[in-house]
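K.L.:
Structure below; questions to follow.
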Amino acid sequence: MPWIQIKLNATNDNAEAIGDMLMEETGAVSVTFLDAKDTPVFEPLPGETRLWGDTDVVALYEADMDTSLILQQIKASNMLAEGFAHKVEQVEDKDWEREWMDNFHPMQFGRRLWICPSWREVPDPQAVNVMLDPGLAFGTGTHPTTALCLEWLDNLDLTGKTVIDFGCGSGILAIAAIKLGAAKVIGIDIDPQALLASKDNAARNGVEDQIEVYLPKDQPEGLVADVVVANILAGPLRELSPIIKGLLKPGGQLAMSGILDTQAESVAEFYRDDLELDPIAEKSEWCRISGRKLG
């Protein structure tokens, strides 16, 4: 059946509140946040919504809803300026899962590494192939932050090394590290669903014996590694900097992403005293901060 979609423009300060209002007061069946350049909002932490400064709020309604009444309710909420910009359109029902699967293709990162959906054939059987079914966890390689981390891993000599994937999501970085030569990877995530997805994808790639996953409260005491990769968010990267740096052996290498270009310097300041930092790498307004721990 067709649906009605209403798109509103908001800021990161009020977008989530507007989304709540649309769900609770106007009868929206779903609300999606996009940035104003139509880039999907990826990788929210549980209980936290990741938003850009200029955010579109997209609400979906059943086709028989009265759009004029909905717009009156939005106006009456006083959450948007007088004469607020909006777009109303009808969208056809789709098999969204099938459409997503059809558009998820094998992707190459760096010189050797391919990320391949588990339902497609690998394009190069001789390459380093990671077979992936992300399920409900973040991490497919399609987002610039994941791509930045995969390219960084591909450029390292991981032979025999221990790696920590801090915020492991689907396990894509952990599995890639094993496939690229690491002896062992420890995945840490606050979301139990991510740990399940990481385990499933590790088994799919035949590396389940080399990957351990933990909630932060369950990780082994004194855990340190040769390499740490943390593709999370700028806020946690700042707040958890003592913990993240503590996971790294002296001389070990660290890469962090999930950082917008406007946030990069503020994140780097939390690591500059303890690491020799590389030049910041950028891709589509997203950044990777990397370096080697001093000592």
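Placement of Cβ uses the backbone N, Cα and C atoms for every residue, glycine included.
Taken from Swiss-Prot, the feature S-adenosyl-L-methionine binding site applies to THR146, GLY167, ASP189, ASN231, supported by sequence analysis.
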K.L.:
In terms of DSSP three-state secondary structure, what is the assignment for THR146 (S-adenosyl-L-methionine binding site)?
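P.N.:
DSSP assigns THR146 (S-adenosyl-L-methionine binding site) to helix.
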K.L.:
Tell me, how many other CB atoms lie within 10 A of the CB of ASN231 (S-adenosyl-L-methionine binding site), whichever protein chain they belong to?
P.N.:
27
K.L.:
Relative to the Cβ position of THR146 (S-adenosyl-L-methionine binding site), how many further Cβ atoms are located within 10 Å?
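P.N.:
That number is 27.
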